[in-house]
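Here is what Swiss-Prot says about this protein:
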MOD_RES   SER54  phosphoserine
DOMAIN    62-321  domain 'Protein kinase 1'
BINDING   68-76, LYS94, 424-432, LYS447  ATP binding site
ACT_SITE  ASP187  active site, proton acceptor
MOD_RES   SER221  phosphoserine
MOD_RES   SER307  phosphoserine
DOMAIN    322-391  domain 'AGC-kinase C-terminal'
MOD_RES   THR359  phosphothreonine
MOD_RES   SER363  phosphoserine
MOD_RES   SER369  phosphoserine
MOD_RES   SER380  phosphoserine
DOMAIN    418-675  domain 'Protein kinase 2'
ACT_SITE  ASP535  active site, proton acceptor
MOD_RES   THR573  phosphothreonine
MOD_RES   SER732  phosphoserine
Amino acid sequence: MPLAQLKEPWPLMELVPLDPENGQTSGEEAGLQPSKDEGVLKEISITHHVKAGSEKADPSHFELLKVLGQGSFGKVFLVRKVTRPDSGHLYAMKVLKKATLKVRDRVRTKMERDILADVNHPFVVKLHYAFQTEGKLYLILDFLRGGDLFTRLSKEVMFTEEDVKFYLAELALGLDHLHSLGIIYRDLKPENILLDEEGHIKLTDFGLSKEAIDHEKKAYSFCGTVEYMAPEVVNRQGHSHSADWWSYGVLMFEMLTGSLPFQGKDRKETMTLILKAKLGMPQFLSTEAQSLLRALFKRNPANRLGSGPDGAEEIKRHVFYSTIDWNKLYRREIKPPFKPAVAQPDDTFYFDTEFTSRTPKDSPGIPPSAGAHQLFRGFSFVATGLMEDDGKPRAPQAPLHSVVQQLHGKNLVFSDGYVVKETIGVGSYSECKRCVHKATNMEYAVKVIDKSKRDPSEEIEILLRYGQHPNIITLKDVYDDGKHVYLVTELMRGGELLDKILRQKFFSEREASFVLHTIGKTVEYLHSQGVVHRDLKPSNILYVDESGNPECLRICDFGFAKQLRAENGLLMTPCYTANFVAPEVLKRQGYDEGCDIWSLGILLYTMLAGYTPFANGPSDTPEEILTRIGSGKFTLSGGNWNTVSETAKDLVSKMLHVDPHQRLTAKQVLQHPWVTQKDKLPQSQLSHQDLQLVKGAMAATYSALNSSKPTPQLKPIESSILAQRRVRKLPSTTL
């Protein structure tokens, strides 16, 4: 089912009485009163032997790039390693001040280090280094560019139960692994579930985790986020790993409905609801989802699914997960439903701007008490994976220049970082200039967009999400001064595709096939992701260098591009699109995809014929050109057509079909014999008209098309209800 993010989730809900508990005291008697043990440390002491690497790390080995988050006793930075063996690699560095940590927090920090050093799992964040100075503790972790699941919920991507199932299944495997090590997570909430750049999850923030000595041992300390707490945590009667499965149910409920199952007006009321309230079960959820939620929301932990001797296997066997291939899931072979919009390696677009806009500064720590250093004695760790099998350090990665991407909307001055050079091109809403980065002297292009004429947010998001494709222009930097947005991209040194082709002394049909194959693959990738370019004229297809190699082509200028969205303006996962999108929305998407294919057909025709199909030159009127386009008639005889293969003519005809819904799809273009059997194509030279005449005719064609339709205005998505509901609860750190 599509998941309705409800304003008020309780109408039409079945109230489910949760099982009464034997021996559980009421909230007034237990969980809602301050515990006399609250100040007593009851954490279990953990010691681990960790195999050391070749050298211990220290703060000087890391270059601070950005602040990612900040809490009451520390910060999280984006850092770059500057020493071998992993120089140039990006990490998240968690810095905790010893002097501001209470004793129980100090033990939690050492616990987090010990747990992470012992855990190696595809869905748990990896610890690479841990060390201390006189006043601080340092944890060096994976830098996960996709942000957290909290962000996904608050931005309300339209997803289905199948999509939620993917995240919950990966989460179940991660929790199962922690439980197998005797670790109770205890702080399971969306903020602590991060996404990598592909969209897979990683559990993080183990400050509240507890390592149990055995399955009979229970923990008693009061910890975690109250809305996600299990009843036995609330009433402090002791809890085991089954408390995590209650929190897992809360997370599942929230992801499926957009609301928390137990939330009062304050902390005390919320705790009372957790201990006593009947659960409102939304009837739009599948029977399988409702069944799993009921099995997880058992107030008696002994009756809760996942608490038995089989542990997580009970969860995995539930009918809700009948479609999951757990082995494929563990191997990360199942494609995530959502790909975060991240591009460059030091990209922090998905972290809170309140933190990322701050100048990174690792402030000196206050001298700690004498006892603090003893507590953290031996607190250092180097991941063994940073060593080769023979004990020699790994070769360093290619050096990364020190351009640090700036957040869109950060109000930094573009000219502080770049010197602007000559104009490259001018459009209706923007102009493009060459620029030089002051710190590195590297050349880029900058597209300066007038915000009063066009909202660039869709273009930025598409470039961030898909710009890592080898044949899509790469976004390097974004600035916003209020009036203009500056998009810094790689510089296209090789010029336009048609310029290069028509200036060649020899250009053959076989070479044209290689060009179309490269561009077709890129368009097929975009269409498969629900993105249509809608302005694929040859002047927007350029070479990144002067080699003329088809693999060096880039599709540029996504100013008219669109991502497939629901009627409410939200993005949709592929599962949502396939099952719940209105026919007229899909028809419109098919029309837009057909327009992209038509543009590729125009390009193919021009490469083969040496002239454009519907315009004779720049002096043709828009009316004349549109009449020819509307008739769907173009010549495939005379000139080059006398030597061009029949398969080429067949492909051109099917790409330029007058009915957009009868044109080939990008996938069908790639499967056409003219593309798949390049070695059979002629290598004879193709002639062409004068370059300026061809380019003038091409410009006239697209000018006529653009004059015949109004330009749609893209509007930014308003803040969601869920985001507003949870904004006051934003965590101080996402790591």
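The backbone N, Cα and C atoms fix where each Cβ goes, and this holds for glycine too.
Here the candidates are the recorded positions LEU68, TYR429, CYS432, THR573. The one whose C-alpha lies nearest to that of ASP535 (active site, proton acceptor) is TYR429. Annotation note: LYS94 (ATP binding site) sits in a strand segment as assigned by DSSP. In this structure, the recorded positions LEU68, THR573 were compared by how many other Cβ atoms lie within 10 Å of their Cβ, and the smallest count belongs to THR573. Spacing of SER307 (phosphoserine) relative to GLY74 (ATP binding site) is 35 Å (Cα to Cα, whole number). A 10 Å cutoff on Cβ-Cβ distances gives SER307 (phosphoserine) a total of 20 other Cβ atoms nearby, all chains included. According to DSSP, THR573 (phosphothreonine) is assigned to coil rather than to any helix or strand. The Cβ of CYS432 (ATP binding site) has THR423, ILE424, GLY425, VAL426, ALA445, VAL446, LYS447, VAL448 as same-chain neighbours under 8 Å, each 6 or more residues away in sequence.
Between the C-alpha atoms of TYR429 (ATP binding site) and THR573 (phosphothreonine), the distance comes to 30 Å. Within the model, the domain 'Protein kinase 1' (62-321) shows a mean pLDDT value of 80, rounded to a whole number.
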